[in-house]
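Beneath this line is the structure, given in structure tokens, with notes to follow.
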Amino acid sequence: MGKPVTIVVGSQIWVENPELVWIDGEVINIKGEDAEIQISNGNKVVAKVSKIYPKDMEMPAGGVDDMTKLSYLHEPGVLCNLATRYESNEIYTYTGNILIAINPFQSLSHLYDTVMMERYNGVPFGELGPHVFAIADAAYREMINEGKSNSILVSGESGAGKTETTKMLMRYLAYLGGNAAAEGRTVEQQVLESNPVLEAFGNAKTVKNNNSSRFGKFVEIQFDKRGRISGAAIRTYLLERSRVCQISDLERNYHCFYLLCAAPEQEKEKYKLGDPKSYHYLNQSNCYQLDGISDEHNYLSTRRAMDVVGISVVEQEAIFSVVAAILHLGNIDFANGEDNDSSVLKNDESLFHLQMTAELLMCNPRALEDALCKRVMVTPEEIIKRSLDPHGATVSRDGLAKTIYSRLFDWLVDKINVSIGQDPSSKCLIGVLDIYGFESFKTNSFEQFCINYTNEKLQQHFNKHVFKSEQEEYTREEIDWSYIEFVDNKDVLDLIEQKKGGIIALLDEACMFPKSTHDTFSQKLYQTFKDNKRFIKPKLTRSDFTIVHYAGEVQYQSDQFLDKNKDYIVPEHRDLLSASKCSFVAGLFPSLTEEAAKSSKFSSISSRFKLQLQHLMETLNATEPHYIRCIKPNNVLKPAIFENINVVQQLHSGGVLEAVRIKCAGYPTYRSFFEFLTRFRILAPEVLKMDFPENEACEKILEKMGLKGYQIGKTKVFLRAGQMAELDAKRALMLGDSAKVIQRRGRTHITRRKYVSIQEASICVQSFCRGELVRKLYKLKKRVNAVVKIQKTARKRLARKDYIKILFSSVVLQTSLRAMVARDELRYRVKVAIIIQTGLRAMAARDAFRYRVNAAVIIQVYEQWLLVMLLDVECNLSRELLFRLTWKKQKEKRQQSWSPLCKLIN
Ligand SMILES: Nc1ncnc2c1ncn2[C@@H]1O[C@H](COP(=O)(O)OP(=O)(O)OP(=O)(O)O)[C@@H](O)[C@H]1O
């Protein structure tokens, strides 16, 4: 781990926290060895300076896709990066070339579709984001290009996603190396379809995983020269046999039992099967159904998969007969027999199940009962048949069930292997290892011992590989790495597997010695390993022992070690089944002579397992390994929950933090010259001014900072653990000082700008206000004017209306008056005229009268005149003329007196 080196007041750091494992905060005070920290949840804590780690404040918000890009490669940094990425559903992250896969517990189908496969096909490693396809692609390319076998090791705790990851790997490899136009069952189809078959018989629901593989698996995919899949082989490791007879609550037995109980009625009838609740091997737990899973449907798909992998219908019938026989076998109960320590079938029900078991296994029911209730003891003198008490018979029954099931499983694996076929001419293979991760429970038995032993083996392989790849990087960069210490767990492995005096050897020895008990075995262990640092005798127990594994201490309970280690089949059981009339059942139990020929020596589960592991390690050592570490982010199996405590534990047990430690033992941080100069030029600006080559410039900076032990490679600067932090701390100080100046100037600038802008703003506001006021005033004035105008117009209209009214009235008045006057005048004139006319007429009449009178006078005169005058004519004429002149003058005088009246009339 990168040691915290330079922590100063103001440093951003990580400090231990009981709930979150690590929490970030800021150092606010340092007193000697103690630092006072303001943590991000608002509290203050005091911690030892040596126990706090610097936080990378320049880490991108979404985290980095490769842990080696972290400036500080330490546990909190790794954890924070994983949590950040998981939050945005980035479930894959590299640590160098190790892929960390965090179980999303939700379908992310877009990550695994054909488009994604096409994207990753042939793309150099690291060019695209971290992905399981990238690992498979790298393995495939390496195999094709360098002609070297590769292996992909997938590990993690139960439910972490190993099997899912393995399936994705196999799908991708089948995509890369598949025969597109092949007819019938192709090898890759068979390899892929072997999964559901193995899962049906080797997987079960546990509290940790609804589909937990109860065995380890190494799938070798063989390729021909053109990179096409030409064969495959599946090796399995350590099937959990005890599950067949014993299950805890909330767990289930192997899926195949439930699938068969959900088979179509006519099939169930054939095997005389009923409800799962009626079978002892299934009803020890109350869990029968899995949420969202249909056993009925899975039964049919398992049968289909069996067809694809080449298991004939007859063989399938035989397989399910054996599965049904095991269920019936479990229901055979025993009661005390007549003799002491003897047993008999408990009741008719047991008899029925015994008969069904015998029928399905095609063996003699009597012989089956004998095999369960009796033991044959061979002594040098004679062969004795001894009865077993009910408990002994039950143990014998369970032993038989376990043996039959494990042999059935081995047969399935062999069959799949034969059916898929191996390619003897293949030179290259890709092996995919899906193996149980490190386990540490409250009670740890023989199974956990074997599992943890496997993990120690794989850890050693992992350490060597990580160490080697580190060395390769150093060699590429031509730097000296000779003094880097190799982190090894050889001492734990020696403790377990050493030929002489290792735990396995002592266990085998105990198993061979008939009088051994777990107590004597434990005492032997305590005695032998009392000085071993990796072995602890726990206080307060008589037979437990603790091993200090690379991932932590595990306390084992040794009480069942001896029984579980015995790889032993009761001869009566073997004789019974090898004599079965069913060739399939007989084939599962080869006769003693054949088997004895195979192995004459004593065999124990642990030593057989050790041998298997040795073979596995040999295979792995001959390949180029790639590692995938699966992590289970929470125990509630729900998406989007990241429990730091769980994850840290798994990072430890999966060796990720060990890999980090190996890196830290060498040069955990390296940066290209450019990156280094970009980040640290501030520490020696004068160096950059002098135009040195990049490597010299880096060296000058490091010298100036007084660092020792770093190395300058061809393209990169390699720093020892903590040096990055030291440089960063100095950079932080310098940045701090510069920041103060910048801040001061900045603040001045900002304040000035603020002032100016406030000023401008206030002017703007003022002018706006003024404008607004004026606008309002103008508006008011405009309104007043408008009002005045309106008033004026209104008044005008009113006045005009009045005027018109008055005018009209006055005209009417005038007219009336004038009419009246005219009428009066007319009347007056008419009167006058009448008067005048009367007067005139009267005058005229008088004139006419006078005239006539005159005329008559004249005439009379004239006549007298004529008479008299004939004599005086002349005198008369003058008189006439005179008269006429006088009359005319009178007329004119009258006319003159009448003229004003005539005018008035006119
Ligand atoms: N990449 C993934 N995408 C979606 N779901 C996943 C993924 N990986 C795992 N899971 C979910 O997690 C469950 C457990 O995964 P899996 O069976 O692969 O775990 P495992 O590590 O093989 O466990 P065991 O050791 O018990 O067999 C799966 O059934 C699936 O629901």
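Backbone N, Cα and C atoms are what each Cβ position is placed from, and that goes for glycine too.
Here is what TrEMBL says about this protein:
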- Gly156, Glu157, Ser158, Gly159, Ala160, Gly161, Lys162, Thr163: ATP binding site (BINDING)
- 8-57: domain 'Myosin N-terminal SH3-like' (DOMAIN)
- 62-732: domain 'Myosin motor' (DOMAIN)
- 613-635: region 'Actin-binding' (REGION)
Same-chain, non-site residues whose Cβ lies within 8 A of the Gly156, Glu157, Ser158, Gly159, Ala160, Gly161, Lys162, Thr163 Cβ center for ATP are Asn103, Asn209, Gly437, Cys630, Lys632
Cβ-Cβ under 8 Å from Ser158 (ATP binding site), same chain, 6 or more residues apart: which ones?
Thr206, Lys208, Asn209, Ser212, Tyr436, Gly437, Glu439, Lys632
Average model confidence [pLDDT] within the region 'Actin-binding' (613-635):
93
For ligand 1, which among the binding-site residues Glu157, Ser158, Gly159, Ala160 have a CB under 6 Å from it?
Ser158, Gly159, Ala160
Please list, in sequence order, the residues in the chain of Gly156 (ATP binding site) that are at least six apart in sequence and whose C-beta is under 8 Å away from its C-beta.
Ala101, Lys162, Gly437, Arg629, Cys630, Ile631, Lys632, Gln650, Gly654
Which three-state DSSP class does Gly159 (ATP binding site) fall into?
coil
Please list residues from the chain of Glu157 (ATP binding site) whose Cβ is under 8 angstroms from its Cβ, counting only those at least six apart in sequence.
Lys208, Tyr436, Gly437, Phe438, Glu439, Cys630, Lys632, Gln650, Ser653
Across all protein chains shown, the one of the binding-site residues Gly159, Gly161 with the most other Cβ atoms within 10 Å of its Cβ is Gly161
Just give the helix, strand and coil counts over the domain 'Myosin N-terminal SH3-like' (8-57), going by DSSP.
3 helix, 30 strand, 17 coil
Residues near Ala160 (ATP binding site) in space but at least six apart in sequence (CB under 8 A)
Ala101, Asn103, Gly437, Cys630, Ile631, Lys632, Gln650
Cβ neighbour count (within 10 Å, all chains shown) around Thr163 (ATP binding site):
22
Across the region 'Actin-binding' (613-635), DSSP yields 9 helix, 8 strand, 6 coil
